[in-house]
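Colleague: For reference, the structure I am asking about is given below.
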Amino acid sequence: MATINDNYSKLKAGYLFPEIARRVNAFAEANPNAQIIKLGIGDVTEPLPEACRTAIIQAVEEMGNRDTFKGYGPEQGYGWLREKIATSDFQGRGCDIDASEIFISDGSKCDTGNILDIFGKNNKIAVTDPVYPVYVDTNVMAGHTGAANDKGEFEGLVYLPIRAENNFTAEIPTEKVDLIYLCFPNNPTGATATKEYLKKWVDYAKANGSIIFFDAAYEAFITDPSLPHSIYEIEGARDCAIEFRSFSKNAGFTGTRCALTVVPKTLTAKASDGSDVELWKLWNRRQSTKFNGVSYIVQRGAEAVYSEAGQAQVKGLVSFYLENAKIIREQLTAAGFTVYGGINAPYIWLKTPENLSSWDFFDKLLQNCNVVGTPGSGFGAAGEGYFRISAFNSRENVEEAMKRIAAL
Ligand code: MLT
């Protein structure tokens, strides 16, 4: 008789965003005339930059010609894309990252989950609370945790609470942990990390032989020039950090799919015999066995992000969503809400009014304003009493949503 991976039974029934979609669909069915505005999942709404579309169309034409047709590409991604990323995103900011250390993939969500394949079962794992739920759920699936308690906290994980009092940045743990997930600009709180703060983590990781998983999917939204975009801007990070980046939110690739993961060749972890093993080699082995690369067409689209026109268009997209974030921040503040984030990030994190629970506020907004957001408790126990509003939508929808909430 076939058996299942019992770890799946420890998970909540549905992943957060499909669960929200289920509730919204049920509401829409019962209220067919409601004009629902979705500011829940961070999914982009504006069209792909023209430079990317042109490159994609040209790549499709190449695929239609025997002389320029491409079959399997390199599992790690085409060198011409990795070179541009290394030069523009890393070396241009003083990071010592080589193109050979970059792996092109179809998403940061997948990579932050898949990376666990190359790590042992007995690592002590730290996540912030609240946190992007993928980090937790993939550890549960991999059997790295026990069961969840009433608050939804999984036995065996180390939760680092992030609260308004610490600017939504976690304290450096006093105990020793092996793997740490950090996300800046932060999803869900929109908080940012200074170089001084990240340096503390790098020092901690180096002192304890820990590895930091640094999710920089929202780095393009940083407006403050003093803030680091990459953990490799911090000295020593090459020896303790893996970084995840994405074209989803800056270039609108959520449906097109392209991302990247950086595994420095100097990064090692211990084998059970105590020897040091290069993580680059393991990740390369994992990817070349389980992944056949991102399509040529999409990689050409991603490459166009680095053209002069592409850079200007991506900047325009990011500014558009940041202007939405500003409108949300300002209007919610004027309506009496306490809000955080939304300056260097596309997410606004707000305190629910009248001590409503996150899901009660979700229901209230949906029923009274026909506006969808994301309950803070969906990101972890410490997110209870908070709510996330995403700036990814049209200007018209954002303005209309804010008008409705102000009238609540
Ligand atoms: C979110 O809303 O948190 C994001 O859409 C998550 C993601 O990019 O997977």
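For all residues, glycine too, the Cβ spot is worked out from N, Cα and C.
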Colleague: Say TrEMBL lists Tyr15, Gly42, Lys109, Asn187, Asn292, Arg388 as binding substrate: which of Tyr132, Tyr197, Tyr204, Tyr306 is in the same site, per that record?
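Modeller: Record source TrEMBL; matching candidate: Tyr132.
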Colleague: Do you know which of Tyr72, Tyr78, Tyr340 TrEMBL groups with Ser108, Lys109, Tyr132, Asn187, Tyr218, Ser246, Phe247, Ser248, Arg257, Asn292 in the pyridoxal 5'-phosphate site?
Modeller: Tyr72
Colleague: Taking only the binding-site residues Tyr72, Tyr132, Asn187, which one has a CA atom nearest to the CA atom of Lys249 (N6-(pyridoxal phosphate)lysine)?
Modeller: Asn187
Colleague: So, in DSSP terms, is Lys109 (substrate binding site) helix, strand, or coil?
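Modeller: Once the DSSP labels are grouped into three classes, Lys109 (substrate binding site) ends up as helix.
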Colleague: On the Cα atoms of Tyr15, Gly42, Lys109, Tyr132, Asn187, Asn292, Arg388, which are listed as binding substrate, what is the maximum pairwise distance in Å?
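Modeller: Largest Cα to Cα distance for the substrate-binding set is 35 Å.
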Colleague: If you count Cβ atoms within 10 Å of each one, which of the binding-site residues Tyr15, Tyr72, Tyr132 comes out on top?
Modeller: Tyr132
